[in-house]
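Trainee: Quick one: this structure, given as structure tokens, is what I'll be asking you about.
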Amino acid sequence: MHLKMVTIRNFRGLRDVSVPLDKTTVLIGENNSGKSSFLDAVRLCLARGGKRSSPFDEYDYYTNENISNPKDTEGIQVQFLFQEEKPNEWSETLIRNLGELAQPVAWDMNPEEAIYTVRVSVTSKYEEARNDFYLNIEFLNPEGEPLPPRNQTNTSWSNFIQETPVFYLSALRDIKESFGARSQFWGSFLRNINIPQDKVVEIQDSLQSLNEDIFTNDERLEGLKTTLENIQEVIALGAGDTVSIQALPVRIWDLLSKSQIVLKGRGGNVSFPLQRHGQGTQSLAVLFLFQAYIDVLLKSAYSRTANAILALEEPEAHLHPQAVRALADQVQRIDCQKIITTHSPYFFQNLDLLNIRVFKKNGSETRVHYLKEYVSTRVVAHHGLERFVESKKGKFHYNLSSSELKAYAPLNEHELNALEGMNRNSEHFENISEFYLKSQQILDKDERTDLYTFAQRTRGELFFARGWLLVEGQTEYIVLSYFSEVINKSLDTNGVTIIDFQNNGSPGAFVKLAKSLSFTWRLLSDSDDQLEGTLSQIKKTGYSEEETNRLVKILPWIDFETYLANEGFINEYEAILGDKVREVTVPRHSAEYPIHIANLIKKDKVGNALKFVEYLKNHNFDSRRIPELLRQLINECVGEANAI
Amino acid sequence: MQYKEAIKRNIELLTDVQKEAASWDEGPLLVLAGPGSGKTRVLTLRIARLLVESSDDNFRILGLTFTNKAADEMRTRIRELIPGMDKRLYLGTFHSFCAEVLRNHGSHVGVKPDFTIYSENEDLDEIVSEVYSYLLRQGKINPLNVSKVLPIIQYLKSRLILPESDLSSYISNIEDRQAIEMIYMNYEQKLKDLNALDFNSLIMKSYELFRKYPFVAKHYRTIYPYICIDEFQDTNQGQYNLVRSLTLGKHNNLFIVADDDQVIYQWNGASASRVEEFRKDFNAQVIQLPENFRCPPEVVQLANNLILYNVNRSKDKKPLLAKKPIQDSFEVNLEYFPDYPTEADWVAEIIQETYALNQNKTVAVIARNRKLIQPIFEKLKANEIPVVIGQRKNEFESTQLSWVHFILRLAHKRNDKKFLNKVVSNFSLLTESTLNAEEIIAWSKATDGDYLRGFLIAVQKGILTDGHLLKSLEFDLVEGKDFFRFIEVCFGWLDEHMDISQNKEDVLYYDEKRVWDDLQSSLLSRYDREELTLGMFLQELDLLSKEAEPDGSTVQCLTIHASKGKEFDFVYLVGMVEDELPSFQSKKKGDHSIEMEEERRNCFVAITRAKEILTMTYSERYNGWVKQPSRFLYEMGVLQQND
């Protein structure tokens, strides 16, 4: 069973979020943004204990400045939707196990066929009459109405929970606990060790004789035993040998419970127990142990058709970047559904952008943002619609029974007009333009590949930033970083990442990404040939003229160097250029002079940018000289990043 | 696996053909089972065997019957065979299965999971009248005989004819047709608004669901790879279409038990050719169980003689084989009287004589229609012989039980005006108090809209003085702590009340209380008490007949239809004349009509209820009219043409 969607209301900081889940879903966001609350909601609600006792405590109920007492809140509501991706994915055995909890609904792609769903609602609210928080777990039909009581029994719940065990591995994985005799995974292995009875006797006999060997080889132990036997004189004990000293446990279970994993480090020849290795190695070991558990024991501990959900918190903790990357691959291979929180760009370097969910605090409540593969709207079943959808070859999909139209790529003007034409006189007409706008946020495959190559792989940290400053090249990067420090508004320390889009694909892809994932952003553009294109890409993403004007700062010159040369940094540039200044043929006071200087500077943009900053640092740069446009840009970026 | 062995041993005890049927695994099978052929035994053994043999599997078996009694009986037998292993079995009537389907998947056809079942014609008639007067006021229809409308709607629904379909072949008069169409449509809408379904809707909506959303039917085929249907010959077109849409011809493990010689529900849409239709549609194998273990050989002979006169029978149908060992007590009698009162007196007297001998024999009086039974019933009752008339009862009739039932319904649906009205009126009768439902509603609406709480507040003001009951009403019911405890307290209170006087009403109370106890313990044997919520309890109760199961010493007065599936040591089949059996209506259709064949099957069913003595009676005059002896007496060979 694949958990497709979780909707949470009023649980801690999660006032109202809906999060679709993939086979692997990665939750990112700053500390305290609600990622752990999300994992907790999933594991608490889908716990084995289930129906009778509430897994929540009173701090779990969402409160704010208006309602501070958990008893007065609307109560926690969590809904889970399990769903097949395509028909016949779930086995007959699974469907029979689930019985009526499994609800077939028409499949979008072909309404003749059905996909199975299971909907579960968990609610908890204070009830005056009972003077207590009550817990209500219900299975729902596709309309969201509770199934009949016969299918709401404890038996239904425990059968269901057998199919979807949730395992939680926290950021700090305690090796002693994880590998203790009573631990969930390791303990299960130990308990499942099956030694034939005659062999048990044999082993126990040899343990006994080993014990005696140790014992008889030290006289002092014999003496100790004799002394201890005097106990008999004080209290009555059983007949025969009453006192024995066991150097080794003589029962198999005792022995097994002391089993430990021993690793040999690279380059050494001494084996150490796992506890003696570094924290990173220990964490890794727990993960591998979990994988082994899933592979070997899950189906016998739960249902044969069980599909586990792993809630994994910060798997990267204490690991080397290379190891983190390797770990990410390893985790993907664990045969279960994974929900992972991470703060490591290395961890999601190789994942699909579509798997990322960005958690952000907005005031006291969390919002979750993610990229959408498609957008949908309702339209009338027009006779031309079928032909329209047909002719667009996979870009659109129409579901006749729900009259829902899906778009898998941004619509163009023609398509907008065609759809508006077909819905001219319908109630849906007004939704079409919104549908068009929403569709503009869809990243197509090429854009995703670009972003993967230029951003995700090499600059993963930008997904952890509070805001983005999009600039054309590296010069801006170097100079603006410095300027921001000079005015005490360091972009770095304020969580603003500078992205030089020229080298990293198109500005449009970044703007779409920023809009979808709700990053605040500013863009600094030259007045060059590309400006028009950049502006139109931004507007297409759904920004108004006014918004675009606010978000995009335009340098009044053809590039950043020329801009600086004209904004009073001509002396610095001359100093950097040294003798090369002589190559300028126009007079120093002429209007063309700065342009010519800038052209020389541009012959080694990056090198000169570094020299420029170096020069300013060494010459007591006066921050008042920073051009107003750039100062404003920095202030806005930092201001907005901190406003969140 | 001790059960596996036990099942095996039980199967070994069967006859060869029974064995063959009980060992049937896969593929469609038609078991043609004559009366008294041990079909229930075969059916239950097969189900138990399949369950035991697949104890590691998780598929389920669906068993459909026509009465709750049949389902209960099969469940009991299977539980005896394989205790605790019947969790993977759904046994129930067509209607209860359909209710289950709709509660779980009805949302596709606009049915909510918590719908109520309206089983009383009284309630349905009320809806029809309401709709009728509304349409009349609106000037949309002309006046018509409104009492005929509900039966017509029910007729249409039982044949799966939707309001939007063309009704011209059913109602010829255009004006009537249009009016009925409109009433039918509004009637359906009204039921929908009330979140209610009538009995016919259960089948009709399930059929619609399976047909429009084949994946729901597929879901049931996945969960239930084995389907068994008992008394298949009784399926009407609607039920048969439902089975077909459920199985879609792809389901190979359909096991049906039927006897086309026992089709007596033709008027309700059953058909003698259904069995043949099934055989063709599903390309089913056939196993015949002609052996009769119930009746004296002479009765078997009469039955065989009689049924040969029917032409529309399964091909190659074997005659019944008498297998019951001969006993001295076996008798077949025919008695002739001058008129029906004399005939009835004689039957009543002879039953009284038998009763006095206290032989522990079960006795039934069977007739083609209710009218014939009534005088005998009255007579026996007057003479203080325990006697009942068999009939289905959808609601409790005593004030006490009705009160308990309705207050529980109100507890489940706190703002239902109808429930409150019934609670208040029954309570007023019980306590001779004057409560006003309207006041309670007004008060409740001003507060939280909870009529039950309103009722509690009203009776707390000195009207109900029993502190124990008041407390239980408040905590167990209004606050929903434990409705079972409330039921217990309630009956305690009612019992106390009863001791004061021993009137007729109280006898009904004790009878119905016994029914309640039976129903409750039957439900508690199927579910954990903790799991059995009030909603579920009421839903189950809705589908069960509230008729008391008579004990062995009670004489049962039954129509042939009500006698079906039962057996008695002594059977009195009365009114064996033309115009009664066969009925006047069937004679009008002609001597070779399918209606006449159905009458013959009625006679066939009636005589094969007898285990020891079959007594048939007839008279010269009925209501002053001279009647000829029934043709069936001649056909059976008990009368000769020249007699």
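Numbering starts at 1 and runs along the chain as it is shown here.
Cβ coordinates are placed from backbone N, Cα and C, and glycine is handled just like the others.
Okay, these came from TrEMBL:
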DOMAIN    B:12-296  domain 'UvrD-like helicase ATP-binding'
BINDING   B:Ala33, B:Gly34, B:Pro35, B:Gly36, B:Ser37, B:Gly38, B:Lys39, B:Thr40  ATP binding site
DOMAIN    B:297-565  domain 'UvrD-like helicase C-terminal'
Trainee: Give the helix, strand or coil assignment DSSP yields for B:Ala33 (ATP binding site).
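Mentor: Where B:Ala33 (ATP binding site) sits, the three-state DSSP reduction gives strand.
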Trainee: Compute the mean position of the Cβ atoms of B:Ala33, B:Gly34, B:Pro35, B:Gly36, B:Ser37, B:Gly38, B:Lys39, B:Thr40, which form the recorded ATP site, and then list in sequence order the other residues of that chain whose Cβ is within 8 Å of it.
Mentor: B:Asp259, B:Leu289, B:Asn292, B:Phe293, B:Arg294
Trainee: Any idea what the model's mean pLDDT is for the domain 'UvrD-like helicase ATP-binding' (B:12-296)?
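Mentor: For the domain 'UvrD-like helicase ATP-binding' (B:12-296), the model's average pLDDT rounds to 90.
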Trainee: With Cβ-Cβ distance below 8 Å and at least 6 positions apart along the chain, what are the contacts of B:Ser37 (ATP binding site)? List them in sequence order.
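Mentor: B:Ser37 (ATP binding site) has long-range Cβ partners B:Leu289, B:Pro290, B:Glu291, B:Asn292, B:Phe293.
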Trainee: Would you count the other CB atoms within 10 A of the CB of B:Pro35 (ATP binding site), including those on all shown protein chains?
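Mentor: A count of 24.
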Trainee: Could you find out if DSSP has B:Lys39 (ATP binding site) as helix, strand or coil?
Mentor: helix
Trainee: How many other Cβ atoms are found within 10 Å of the Cβ atom of B:Gly36 (ATP binding site), counting all protein chains shown?
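Mentor: Its Cβ has 24 other Cβ atoms within 10 Å.
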Trainee: What same-chain residues, at least 6 away in sequence, bring their CB to under 8 Å of the CB of B:Thr40 (ATP binding site)?
Mentor: B:Ala70, B:Glu73, B:Met74, B:Arg77, B:Asp230
Trainee: Please work out which residue of B:Gly34, B:Gly38 has the most C-beta neighbours within 10 angstroms of its C-beta, and give that one of the binding-site residues.
Mentor: B:Gly34
Trainee: If I restrict to non-local contacts, at least six residues apart, and a C-beta distance under 8 angstroms, what lies near B:Ala33 (ATP binding site) in its own chain?
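Mentor: The list for B:Ala33 (ATP binding site) reads B:Lys39, B:Val42, B:Val257, B:Ala258, B:Asp259, B:Gln288, B:Leu289, given in order along the sequence.
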Trainee: Within 10 Å of the Cβ of B:Lys39 (ATP binding site), how many other Cβ atoms can be counted across all chains shown?
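Mentor: Other Cβ atoms within 10 Å of B:Lys39 (ATP binding site): 21.
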